[in-house]
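Enquirer: Here it is, the structure, as structure tokens.
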Amino acid sequence: MWWLWASLCCLLALGDARSRPSFHPLSDELVNYVNKQNTTWQAGHNFYNVDVSYLKRLCGTFLGGPKPPQRVMFTEDLKLPESFDAREQWPQCPTIKEIRDQGSCGSCWAFGAVEAISDRICIHTNAHVSVEVSAEDLLTCCGIMCGDGCNGGYPAGAWNFWTRKGLVSGGLYDSHVGCRPYSIPPCEHHVNGSRPPCTGEGDTPKCSKICEPGYSPTYKQDKHYGYNSYSVSNSEKDIMAEIYKNGPVEGAFSVYSDFLLYKSGVYQHVTGEMMGGHAIRILGWGVENGTPYWLVANSWNTDWGDNGFFKILRGQDHCGIESEVVAGIPRTDQYWEKI
């Protein structure tokens, strides 16, 4: 009997796979198919004339890796608003509004971490300290604790590195902001742009424990440390409470090719091939036309999606968005002299 049951399961799975048409990840056909499904989001072109290898490299997070211990949350008596946007809650913290660009490198795991860490330093010092924490420092110096640099990494390892080794400051490519700005240039998503083409190639830059010329203090003096790092349970309310009390978090989820085409609305996977795991920064939540969503910042520049941001279905662990949330608290004692 068992073989009948197994055969039936295989046939159902095969039937489901065949019921979803196959499209090239960036095709007009995929855009049109999504927009005809009467779903909760709209598709359009964000990338033109780029290699599929580049698109897959953008998704550089290893899902299901080791996690730090969960922090115990007491949310029973906490009244959470129907909608929340960290940009509005902490308007004096400019990094919350920022969208970065990881370039041709699978460094999303590092960007999601340093973006949320930057936000939390500002929030937990009551905006007395505002710093862009360096994705370059984390990407290049974390080593095997975090994974494999531009070839992918673990968000949990990134937060652990912050607490153990610290991270220096560093802004966007060619910004000359901070100790170690990002060294990988943005690449051109569009046909007639001025930036270099997007490819799936490129090595991880070398770890350098020296700040760029003209910057002071020294590399060692510029380090910012975390007090602790932890996982957040996949409970919708626990994640909301964590953001509400402590600021944006890093999350990760499975990316399918239809997500690459996101323009507006609340993303729900419709069709398309699996591209890989992707880490992002979750900064709020809300409800749009009756559909609950997470408000999320991506790291694919502002010409992707909704000015670099997107919304994704909340409360159903859609594409695993609620299963890989990590966060941490800054060590505020290091800033007492500045405060």
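Including glycine, each Cβ sits where the backbone N, Cα and C put it.
Quick caveat, the model's predicted, so the values are computed rather than measured.
As annotated in Swiss-Prot:
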- C108: active site (ACT_SITE)
- H278: active site (ACT_SITE)
- N298: active site (ACT_SITE)
- C93-C122: disulfide bond (DISULFID)
- C105-C150: disulfide bond (DISULFID)
- C141-C207: disulfide bond (DISULFID)
- C142-C146: disulfide bond (DISULFID)
- C179-C211: disulfide bond (DISULFID)
- C187-C198: disulfide bond (DISULFID)
- N192: N-linked glycosylation site (CARBOHYD)
- K220: N6-acetyllysine (MOD_RES)
- 1-17: signal peptide (SIGNAL)
Enquirer: Tally every other Cβ atom lying within 10 Å of the Cβ atom of C198 (disulfide bond).
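Expert: Other Cβ atoms found within 10 Å: 23.
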Enquirer: So of all those disulfide-bonded residues, C93, C141, C187, C207, which one's Cα sits nearest to N298 (active site)?
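Expert: The answer is C187.
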Enquirer: Return only the integer: C-alpha distance in Å from C187 (disulfide bond) to H278 (active site).
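Expert: Rounded to the nearest whole number, the Cα-Cα distance is 18 Å.
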Enquirer: By CA distance, which of the recorded positions (C105, C108, C122, C150, H278) lies nearest to C179 (disulfide bond)?
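Expert: Ranked by Cα distance from C179 (disulfide bond), first place goes to C122.
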Enquirer: Would you kindly give the Cα-Cα distance separating C207 (disulfide bond) and C150 (disulfide bond), rounded to the nearest Å?
Expert: 13
Enquirer: Would you mind listing, in sequence order, the residues at least six apart from C122 (disulfide bond) in the same chain with a Cβ closer than 8 Å to its Cβ?
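Expert: In sequence order, W90, Q92, C93, P94, T95, I96, V129, S130, V131 meet the Cβ cut-off.
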Enquirer: Does anything in the same chain, at least 6 positions from C207 (disulfide bond), have a Cβ under 8 Å from its Cβ, and if so what?
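Expert: Residues satisfying the criterion: T140, C141, G143.
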Enquirer: What's the number of neighbouring CB atoms sitting within 10 A of the CB on C187 (disulfide bond)?
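Expert: Around C187 (disulfide bond), other Cβ atoms within 10 Å: 20.
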Enquirer: Out of C105, C211, K220, which of these recorded positions is nearest C146 (disulfide bond) by C-alpha distance?
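Expert: That would be C105, nearest by Cα distance.
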Enquirer: Compare the Cα of C198 (disulfide bond) against each of the recorded positions C105, C108, C211 and report the nearest.
Expert: C105
Enquirer: For C108 (active site), which of these recorded positions sit within 10 Å, Cα to Cα: C142, C211, K220, H278?
Expert: H278
Enquirer: Quick check: of the recorded positions listed here (C105, C142, C211, K220), which one has the Cα closest to that of H278 (active site)?
Expert: C105
Enquirer: Given C142 (disulfide bond) and K220 (N6-acetyllysine), what distance in Å do their CA atoms have, once rounded to a whole number?
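Expert: Rounded to a whole number, the Cα-Cα distance is 15 Å.
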Enquirer: Please identify which of C105, C150 has the densest Cβ environment, defined as other Cβ atoms within 10 Å, among these disulfide-bonded residues.
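Expert: By the 10 Å Cβ neighbour count, C105 comes out on top.
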Enquirer: Let me know how many other Cβ atoms fall within 10 Å of the Cβ of C211 (disulfide bond).
Expert: 22
